[in-house]
Every structure is written in C-alpha cells, then in structure tokens.
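**Q** Structure below; questions to follow.
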C-alpha cells in the first residue's frame, strides 16, 4: 500500500525548502534529550490516562455518598474522559500560540485544581464542573503536547517512542487503581481526591521537561527525513496538487505578519533607546508595552496558523485521506471501550465467574495491550515495513475480534479473543505516527487534535449507545455486532481512500498525454 508520507500523498510545503546539502544530525533527535521527552510522555500517560482508567473506584464512592442514579453519576467520569479528547482542536490553538511546554504546565495546574476542588463537592452536578470540565480540560492540555513532542523529537524510531510512552496508560491503570483504592480505604474519597490533586502537580514537571526544538533542529529533522525517503517511490496526489497550486499553508500571511511584527517591535525598541537618553523615566512602562506587543504578535501568529489549518484554502480537510482518518476515529474508540463494559456481564451470563475471578478477562486485555504497543512500534520502525500497513492490519484484526467475541462461550476462547483485542489495539501508539505521515510535523498538533476529538466523541457516545441497544434487544451480542460493523465502515474508508487518491493522478496524467 503506502510506506511514507509521500506515498500517502499529502504535503503542506514544509519540506519544499529543504536543500540537498548534507546536514549533521542533531544529537537530540532520536537520542539524547529525546528519551527524556519519552519519559515525560510516559509519566503523563500514567497520571492522566491511568487515573481515568481507575475512576471506577471513585464512581462507587460517589454513588454511596450522593445517592444518585448510576447513569447520572457515570456522566462524571464520562465527561472527564470525553472532554480530555474532545478539546483537542482548541488545545492545538494553545500550542500554536504558546508552545507545548507552557500549554502542558498550565494544563497540569488546571488538572490538579480540578481534583482538589472536587474534594469539596456537595453534589454530583458540582463534580460535573470541577472534575468533568476543569480536570478534563487540564488533562487535554497536557495529553496533546505529550504526544506532539514525541513526534517532534523522533525520526527513525517514532513508532517505538510512541509505543513506549503510551504504555504508561496500562501501567497507570494498575498503579492508580491500587493507589486510589488504598487512599479511599485509609482516608476517605475526599482526602483521596485532594492527595491525587497534589500528585497531579507532577504534570507541571513533565511539562517543564518538554524543551522545544529550535527552528534549526526542526529543519535538520526535515532534511534527515527527506534524504532517507529520496529513493522511495513517490505518488503524486490530488491533495498535493491542491497545496502546490495554493502555495504552502499560510505562507504569505506569515511573511506579512512577520514584517508587521518587526516594525512594531523596532518602533518600541527605538522609543526605548530614546527614552534611555532622556533619563529613562518611563522605562518600566515601555518594557510592559514591549511585552504586550510581543504577546499580541505571538497570539495573532498562532491563531493565523491554527485558523488556516482548519479553514484556509489549504486546510487539513482538503486531504481526503485525512478526512477518511477522521471518519475512522469516530467509530474506532467505542469498539475498544465496549468490551470493558460488557465483559463482566457476559462472564456472568455464561457462568464463568470462578475462572474470571482468578484471572479477569479485562486484565488480559490491559496486560497484552502494553506489549502490543511496544511490539507494533518496533515492527513499524523496520525499514522494510510500512507503518500504514501495520496500522490497517491491526485494525482488521481488532474488528474481527469484536465481531466474533459474542460467539465465544468458554473461558479459554474468550481469553484468546481478549488477548488478540489487547494486542491489536496496540495500534493506538501508531496513530500519531500515521497522522504525522499524513500532514507533517508542523501540523501534527492541529491534525492530531482533530483525531483525538473524534475519539472523544466516540468514547462519550459509544457506551450509552451500547446500553440503549441492550435495552431494546436485551442481548449484549448486538452491541458488539453494531459497533463492530460501524468500525468496519471506518476501516474500509481508510483502505479505499488512498487507492482512489493514487488512481486520480494517473488518470489525469493519461488525459494530459492524450491531449
């Protein structure tokens, strides 16, 4: 199928200015500080995704404390998990304006504040605001930069690096479940949330580790990638032609913006110097003015990049493969979440509770999921293997398991299918890599923000939809069949769209030759 970003056929012009002159590789790309970025992202996944996987402990405490319905109480954790992902496009705006480091640090403070304020909740609706919205937005502000920074620092080992960092979700699920259970038992749920808020302040430390690459480093990475892919076959695509005809994304606005910015800052500097000669009475005011001018320039430039990525003539949505990727993301995540919800009931229905208590099926999925992320990452980084192909094969395996799981009636058969679900769902670590191949590192934050937003919608609406199907049919089987079928539709979009994308330029070139 497709082995590189050129093969997928979408280019925003960020590699167009790369010269053929050999450049000495930066030691921080694929090594050095890059592994500190992986460590930072790993800890972020433990503290954010791991904590969200352990919310079942707190959910039981909230049910007992507030005496509300299970459906209403469940919306607290659903909001937190959904908003973490849904705010992705807006976090992309923050990253464009402030950078990953500042965004993550602010998010860490907001997340910790959400946990701490939730300790004083008097009702479930209070938790909607403090935990669902505040902690959820804070989590999103840390999660997206953690993924984007790994993509920026790695070239040859991108899939492995993303795989290692995202294994923090699995480890976090075990650690945070045990921690919250212990804290709730010893100190009560309110003190547990307060202490968890204090622990979440470590997200600020993780954000501080996200040292941004200089423009020189980024350009060197582009050169390395360009040189490594020069000998590969390049497929001309309709999207690439669109970008070439329109020029690089927001190139002219950026140049005009830079010229205007220089004039503003120069005028402030000249005023600053002239004021020094007069005695410097208003130096403090001029410094504030200069800071405000610089901040205004940064905000305007960041917003221009963000706006052009979504609504400009050469926006992300002009890439048909990327649009197919969004459609896939709308159906994918719910198919992974539904087994976690219905497996305990299926086990009870088939009288397998004794075997499941010894080794829970959900634990099998979680453990194998960790190994799946690392192994799929290693395989995808092999020179002869296409990340895109590995991604599609893992998706086909997962959807097959989702559709066949209701047909299994013994513990052994269910355990085998659950192990395959855990391993194939390791493709989550490849999502940032595939996204970067589609749009490039420069637009990774905005593009991946859209993808995780689609995943968030899927995670938010998928479980209630599965419950609604059960209420109508009184069978768990149909939840798997319907979600699996929708998931298959998304995979088919991913499969056929690159083929259409590749076929169009060939047809156009044939018509031109005939003319």
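Using N, Cα and C of the backbone, Cβ positions are placed for all residues, glycine too.
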**Q** Write down the single range among 8-26, 103-121 that appears in TrEMBL as transmembrane segment.
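**A** Here TrEMBL associates transmembrane segment with the stretch 103-121.
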**Q** Cβ under 8 Å, sequence separation of at least 6 from the ends of the transmembrane segment (127-148): give me the contacting residues as numbers and ranges.
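**A** Here the qualifying positions are 40-41, 44-45, 48-49, 52, 62, 75-76, 78-88, 91-92, 94-95, 100-101, 103-104, 106-115, 117-118, 121, 162, 165, 203, 206-207, 210, 432, 444-445, 448-449, 452.
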**Q** Does the transmembrane segment (388-405) come near the transmembrane segment (478-496), with 3+ Cβ pairs under 8 Å (pairs 6 or more apart)?
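**A** They do touch: at least three Cβ pairs between the two stretches lie under 8 Å.
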**Q** Quick check: do the transmembrane segment (411-434) and the transmembrane segment (321-343) share at least 3 Cβ pairs under 8 Å, counting only pairs 6+ apart in sequence?
**A** yes
**Q** Among the recorded stretches 103-121, 160-180, 358-376, 446-466, which has the greatest number of Cβ pairs closer than 8 Å to the transmembrane segment (192-210)?
**A** 103-121
**Q** Okay, the transmembrane segment (446-466) and the transmembrane segment (160-180): do they have at least three CB pairs under 8 Å, pairs separated by 6 or more?
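**A** Between the transmembrane segment (446-466) and the transmembrane segment (160-180), which are separate recorded stretches, there is no contact, as judged by 3 or more close Cβ pairs.
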**Q** Checking distant contacts: for the transmembrane segment (478-496), what same-chain residues at least six beyond its ends satisfy Cβ-Cβ under 8 A?
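**A** Same-chain residues near the transmembrane segment (478-496) but 6 or more away: 321, 324-325, 327-332, 334-335, 338-339, 342, 392, 395-396, 398-399, 402-403, 405-406, 462, 465-466, 469-470.
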